[in-house]
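Student: Take a look at what TrEMBL says about it:
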SIGNAL    1-28  signal peptide
TRANSMEM  279-301  transmembrane segment
TRANSMEM  343-369  transmembrane segment
TRANSMEM  375-395  transmembrane segment
TRANSMEM  416-436  transmembrane segment
TRANSMEM  448-471  transmembrane segment
TRANSMEM  492-525  transmembrane segment
TRANSMEM  531-559  transmembrane segment
TRANSMEM  571-590  transmembrane segment
TRANSMEM  602-630  transmembrane segment
Amino acid sequence: MEVARPQLIHRWISVLVLICLFSYEAHCFYLPGVAPQDFQKGDPLMVKVNKLTSTKTQLPYSYYSLPYCKPEQIVDSAENLGEVLRGDRIENSPYEFHMREPQMCNVVCRTVLNAKTAKELKEKIEDEYRVNMILDNLPLVMPIKRPDLDTTVYQHGFHVGLKGQYAGSKEEKHFIHNHLTFTVKFHKDPQTDAARVVGFEVRPFSVKHEYDGEWNGKNRLTTCDPHAKRTVTSSDSPQEVEDKKEIIFTYDVEFEESDIKWASRWDTYLLMADDQIHWFSIVNSLMIVLFLSGMVAMIMLRTLYRDISKYNQLETQEEAQEETGWKLVHGDVFRPPINSDLLCVYVGTGVQFFGMTVVTMTFAVLGFLSPSNRGGLMTAMLLLWAFMGVFAGYASARLYKMYKGTEWKKITLKTALMFPGIVFVLFFVLNALIWGEKSSGAVPFGTMFALVFLWFGIAVPLVFVGSYVGFKKPAIEDPVKTNKIPRQIPEQAWYMNPVFSILIGGILPFGAVFIELFFILTSIWLQQFYYIFGFLFIVLVILIITCAEITIVLCYFQLCSEDYLWWWRSYLTSGSSALYLFLYAAFYFFTKLEITKPVSGMLYFGYMLIASYAFFVLTGTIGFYACFWFTRLIYSSVKID
């Protein structure tokens, strides 16, 4: 009876898991912060302001860094780690909405510019900065009609202002958008009369407001009057930005009932104008890569099968002496490489990256890291990176012990500090540049401390735990014995030159991702949402297969030409795709972006260098393990005397 009890408990646990899965299907749960909120007629709607952004400078600024109207007390919304690193600064605003109660020409405040504030506004208008706001977790968008496609596209936020000329004048002036016409779209429940916000749009105008008499805060505007039903519909008499100029900020609120349900409200935000090209390009790319992978796999399997059969059928001593190809180097193929410590560190770091990437992508595909969960993706990546340290330590220690290493603490410390240390130094320098520009994108001291704690408080101890476990295990046995004296490597053909074969090897993995890379770069640097995680997951799988196969093929050719120095070359072959990624990033910078400021250019190339370095570690490790598995497989398949 005692024996049966664990089985019974196991069975009950299985039943409970199944019930949970089915109940999950029937009753979906909501993530924190993204649950629907019902509003009755007249309920207040909290409008929050976010950062000012520009695709020309890539430097975000706080909304209240410009002379906009402020509430009595500015309250910061609680932000997660990802939001702070992205430069999001979400604060309350003086805009007051009430559900399904339209407002016309509400005066927010009046301000008089001085030389400093006028200069700041002109600079932001010159750099095409956009104002971002949030209502019920929905970002503010500006609908723009596209007559060529007969559709409406949505731009995030609205421009601070615009440049223009008065009729008959050649002098260019700066004008501020000081009147906003908001449209709140809602979906009403016919039974309860409650409504949910499903859209938040704006039409900005620049208007030089006029009024009678001296300003006392209660004046009726002659340019925009709710009593006379006079509304702002154009920017025919715009508000100029100059020293000593008076600006009156006003807004309208319109409510529009919509058929869009709350669950589908993000669909319009995620709509891409070129979605057909996007899908076609990705599918086309995947088909080519799959076809190439199939060809490579078929050639490899047939050639290898023939080789192994031939080697195993060698009977006479004369035939054995005449053997050529990869079997000849069996006594040197598992000889530890030069700088084996560094290879162990990079392989361990790559395993850490691989674990983080796969788990993050899985959560993203399941919808946990959608754009509505603001900052969730970056927070998840950082936390997973820290927790995956245990696998980094384990992988590096196992490889180190196989190389007959004894100082496991030294290799563990290198694994825990090397890659994050290089990235942290680069990040710190870039953050100093952002801080020098007084941008809200600069990471505060508290957040920097949190990152350091995440590194030294969680990641480093976990690397040591993994390394301790990995080093305690028995060393991986080589399938063949290694000779004491290294064999001389014959002169290689030009196409087997290490540099040439490494550079050739990186082309195919890069080809698997470069189309998707365009959309990722666009979403990061042109402030658009990236949401096609399903396709990205497929691209990741294709990348893994491609890295593995191209490395195996080139490793096979290398061994056939009696060159047994495959350890580092296998890592660098697929890892070289990171070089193409960085070159593509440079091409994207000069062809798609309009960045002119030196600091912004340094930020772009600095962050893309970090991304390329991470990509190198990830792809290199995939190639290394594929080659490691391949060499052990083929040398354990042949009879060696």
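The chain as shown is numbered from 1 upward.
Yeah, the Cβs are placed from backbone N, Cα and C, and that goes for glycine too.
Whatever TrEMBL says is automated annotation, not expert-curated.
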Student: Residues sitting near the transmembrane segment (343-369): Cβ under 8 Å, six or more positions beyond its termini, same chain?
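Tutor: Distal contacts: 31, 337, 376-377, 380-381, 384-385, 388-389, 391-397, 399-400, 403, 405, 411, 414-415, 418-419, 463, 533-534, 536-537, 540, 567-568, 571, 614, 617-618, 620-622, 624-625.
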Student: Check for me, if you would, whether the transmembrane segment (448-471) reaches the transmembrane segment (375-395) - at least 3 Cβ pairs under 8 Å, residues 6 or more apart in sequence.
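Tutor: Yes; at least 3 Cβ pairs under 8 Å.
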Student: Among the recorded stretches 375-395, 416-436, 492-525, 571-590, 602-630, which has the greatest number of Cβ pairs closer than 8 Å to the transmembrane segment (531-559)?
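Tutor: It is 492-525, which has the most Cβ pairs under 8 Å.
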Student: Mind checking which residues of the chain, 6+ beyond the ends of the transmembrane segment (602-630), have their Cβ under 8 Å from one of its Cβ atoms?
Tutor: 58-59, 343, 346-347, 349-351, 353-354, 357, 419, 422-423, 426-427, 429-430, 433-434, 505-506, 509, 525, 543-544, 547-552, 555-556, 566-567, 570-579, 581-582, 585-586, 589, 593, 595
